[in-house]
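These notes concern the structure reproduced below.
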Amino acid sequence: MKLLNDYGIATPKSIPAKSPQEAYDVARNFGTDKLVIKAQVLAGGRGKGKFDNGFQGGVHVVDSPAQAQEIAEKMIGSHLITKQTGSHGRICNAVMLAERRQPAHEYYVAVLNDRTSGGVVLVASAQGGMNIEEVAAKDPNAIITTPISFEKGLSKGEAIAVAKKLGFEDPKTQSQAVDIFVNLYRIFKDRDATQIEINPMALTTDGEVLCMDAKFGFDDNAEFRQKDVFSLRDISQEEPSEVEAQKANLNFIKLDGSIGCLVNGAGLAMATMDVLSLHGGNPANFLDVGGGATPETVKKAFEIINSDPKVKSIFINIFGGIMRCDYIAEGVIKAAKELHLTIPLVVRLKGTKEAEAKEMIKASGLTIIPFDNLDEAAEQAVKLAV
């Protein structure tokens, strides 16, 4: 909300609170009793979500400071489970108290990178406040897509055309909508965003155009020049193993299966997961160690995989192009010894320094099951995970 306001984009007045007492104090000093309280978790579908303590809904209307405090007590410290969070949900560490503004009509607006046009687009719809994917599926004509010149930005003429298509005829509200469209693109470009989604943008009953809710995504590669944006990152909202992997420059995504995967290259990692699934197995993770992995990063990868109690076997699938197989072998042997691994290891190494790597594994005396054939290796990893 602050980022939107910094660029002159109007929103309902919104103040965060990190404790029930703070929620009470914020509500008492807000200037109005007609407020909305929203759980601050990084997930969509909060309104229809449910907390792990049984409390229903991550967005509520409140009419008094006492009610704000009561609802904050049920939200803060609990996990909110939505259609986007998985069964564990996300911890709610704070709530947002916002003034209640009544929408007369709700719109959808987004600035996104678009593969088809190879550039940035403004996406808008007069059917906001609902699942935009469903709107697109049922009525594709309800979605207005406008390509934006990266150098020139969104022109006033282009923004007016979008506002008119959305039904803004009144000069005042049309001008407010135009300013929002232009300034959203300014944020997108200035702050290295990958996605800005406003759902809903509302025309209120008192004739104002406001951004009621926002979802932002930012380019990780721009962290070095967007320090203020990245300082807002809340790692409590992320999977701890993924945060740990990121520190070691490992591309890691936690999944729900029982076969740990250690692969180099995203394409091979996806293919490995497919082959495991084909043989009836379920990967416990996606892990691409990349081309510049060292024995130390391989050991770190093992620590992360080994920390998952669901993992029953580990499948290492390496194609040594840029990556050297002997580096992987060294890291595997080191990790197996230092971590006292009891989980069976299935290893397939092909390419640069393959012979040396296989010799190192053989000489280590460890129970590491080597394979040359991908299908056979995957089949064995699945059997061991049963």
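Cβ coordinates are placed from backbone N, Cα and C, and glycine is handled just like the others.
Automated prediction, rather than curation, is the source of TrEMBL annotations.
Note that the coordinates shown come from a computational prediction; the quantities given were computed from them, not determined experimentally.
Residues annotated as ATP binding site in TrEMBL: K38, G45, R46, G47, E106. If you look up TrEMBL, you'll see N199, D213 marked as Mg(2+) binding site. Under the heading substrate binding site, TrEMBL lists N264, G321, I322, M323. Sequence annotations record features per position, and here TrEMBL assigns domain 'ATP-grasp fold succinyl-CoA synthetase-type' to 2-202. The domain 'ATP-citrate synthase/succinyl-CoA ligase C-terminal' feature in TrEMBL is assigned to 262-382.
Overall, the recorded substrate-binding residues N264, G321, I322, M323 cover a maximum inter-Cα distance of 10 Å. Cβ-based neighbour count (10 Å, all protein chains) for M323 (substrate binding site) stands at 22. Around D213 (Mg(2+) binding site), taking its Cβ as the centre, 24 other Cβ atoms fall within 10 Å, counting all chains. Note: the domain 'ATP-citrate synthase/succinyl-CoA ligase C-terminal' (262-382) comprises 59 helix, 26 strand, 36 coil (DSSP; helix = H, G, I, strand = E, B). Here ATP is bound by K38, G45, R46, G47, E106 per the record. The longest Cα to Cα distance in that group is 18 Å. With all protein chains in the displayed structure included, the most crowded Cβ environment within 10 Å among the binding-site residues N199, N264 is that of N264. In the structure as shown, the Cβ atom of G47 (ATP binding site) sits within 10 Å of 13 other Cβ atoms. Cβ neighbour count for E106 (ATP binding site) (all protein chains, 10 Å cutoff from its Cβ): 17. The record gives N264, G321, I322, M323 for substrate. Within 8 Å of the mean position of their Cβ atoms, the other Cβ atoms in that chain belong to G265, G290, G291, I318, F319, G320, R324, G351, T352. Taking a C-beta cut-off of under 8 Å and a sequence gap of six or more, G45 (ATP binding site) has these contacts in its own chain: T82, K83, Q84.
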